[in-house]
Amino acid sequence: MRLFTHGQVLALLAFVNTISAIPSFSTNSYPAHPAEPVSIFSQHQPQAPLGLWTRLRNSVIERVWGVPPQQRHRGGNKHQYPPFSAPASLRTRYGDDVVLRFKLQTADEVKALVEASNILFLDVWSSTDEWIDIRLAKDVVPSLLGLLPKSLQTTHVPLIRDLPQTIYESYPSPFQSASGHERGFLPSGEPSSDVTNIFFENYQPLSVIVPWMRLLASMFPSHAQFISIGSSFEGRDIPALRVGVRPANDQKRRRTLIIEGGSHAREWIGVSTVNYVAYSLITSYGKSKSISTLLEQFDFIFIPTINPDGYVYTWETDRLWRKNRQETSLPFCPGVDLDRTWGFEWNGNATGDNPCLESYGGDKPFAGVEAHQLAEWVKEQTEQRNTKFVAYMDLHSYSQQILYPYSYSCLSQPPNLENLEELAMGIAKAIRLTNRKTYAVSSACGGLMASQKKKAKPETFLRMESTGGSALDWFYHDFGVKYAYQLKLRDRGSYGFLLPRENIVPTGKEVFNAVMMLGRFLLGESNAFQELDWDAGFQRPNKDDKPILNDDDDDDDADTNDDGIGRKDDSWIPDEYKGDNDRDESDGGWAFRRLRKR
């Protein structure tokens, strides 16, 4: 328990009083569930559940002053409620969209899938050396299959059959999760008994994250500072936490690590994970010798989302929005991909003059406002603030991968490739020992590689999208950060970007231990990659961590054969279209409707 001085307690009280005046975020911020149980505090006086900030305030008071927490299940209410249907607004926006996975074996298959995706303006969710996930309208599936070779027509796997419903169930309930209502498609689980984890029981909107960050900084002023990296296109601050303890009169350049998430707005798990790691380091200082040493030797810059405009947009309008929200040459296709707009090997020609593409990198290097703001900030810190950036970790989702430079090309190798691979394997080991999750380690070049066991050499495939202009490559090559990684977090496709909230804390612990492993490596510890020392600051999995995904293996494809190859599912194809490879004018109509929905 961290001790507070009298002055700090008074300051915290003043801040908590300020926070308590902030109204709970409106249910208009996301599709509210149409019915929720009401907590009964007496037989005659029903009361609405406590607002989020009231509960956060109470949890702070309970933690700091040792007030016994109130019982979280009043009256023993443990009734289960049936899932509610997605509201009409979501059905209108997402229609009958689904997500399919295609297993790839040959370069011709990849080429055909790339061309078909571009023709139909399809949303590619993720791609690895084994599969590609694509979102599309159900009635467009036969048209897509008609453009593909027969081998792909028989190897598509349904991942998400009802996208609007899955999106609806990914939003947090405006009521406390302990109320007893659990989403119907998830196994029920008790909320964490640790009152300090209340913030991580759900994904949080930006209107909650920023005051929470300020609260942390005010509680722990000795080693946490709330800062702004710059301003977004719409004028929002890009919030961050600087965590570390710099000795007085220290003239050495301060070694600093950046841990960033949310450059792609829809990847909520990256935002929550950055917050979790920051919280864990801040609250463990002075309790763990290993963590205290890290914060005395390094500064950590935690940026939950470099894309605040896009993140807010995913809460208020389109849950699956990827880019930022700045204007482009086409008024109905706003946004720049903030991970394709950086200056090193920017490849804007790959996306042409089409701002409607999800990977559009802008019309020039650093066209993305927020990427330019971050680049200018790190330059200023280096030139004027005596800072040396030694590591960069960019959190994305999904597919469970640890990627190192380069992203723009598989033909170039970084000079310290062996060290990058060694550390990446150590990070993967730390994650595996935490929750038995397997993360693949590879270059981020993005060239899909055929996994054909009969071939002596893998075959380089055509890419699904441009991979130039990445933040990973810029920090490594242009800015000289020796250890730069992109982590693609859970899962491997069962939920994709709509990862249920039960995974927030387990994923946070995995990445926290990965950061601890990174810190030990940077400190030069000779035993950094040996078994995790659970008494040296690493976080153990516990009974409250109930990941809903299979931990026995990481093949999350529910609809696969025993050999791992997907089977054809004719339920996606209307009877009148089976065997008919002709396209009609409805293809273009669906694509245009999708663009207009933006």
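From the backbone N, Cα and C atoms, a Cβ is placed for every residue, glycine too.
Not measured: the values here are computed from a predicted model.
Together with His264, Glu267, Swiss-Prot lists one candidate of His396, His477 for binding Zn(2+), that being His396. If you draw a 10 Å sphere around the CB of Glu267 (Zn(2+) binding site), it holds 25 other CB atoms from the protein chains shown. A 10 Å radius around the C-alpha of Tyr398 (substrate binding site) takes in these recorded positions out of His264, Glu267, Cys333, Cys356, in sequence order: Glu267.
His264 (Zn(2+) binding site) has Arg322 as its nearest neighbour among the recorded positions Arg322, Cys333, Arg340, Cys356, going by CA to CA distance. Residue density at His396 (Zn(2+) binding site): 22 other Cβ atoms are found within 10 A of its Cβ, drawing on all protein chains shown. Checking each of the recorded positions (Glu267, Cys333, Cys356, His396) against Arg322 (substrate binding site), the C-alpha distance stays within 10 Å for Glu267. Straight-line distance linking the Cα atoms of Arg340 (substrate binding site) and His396 (Zn(2+) binding site), rounded to a whole number, equals 14 Å.
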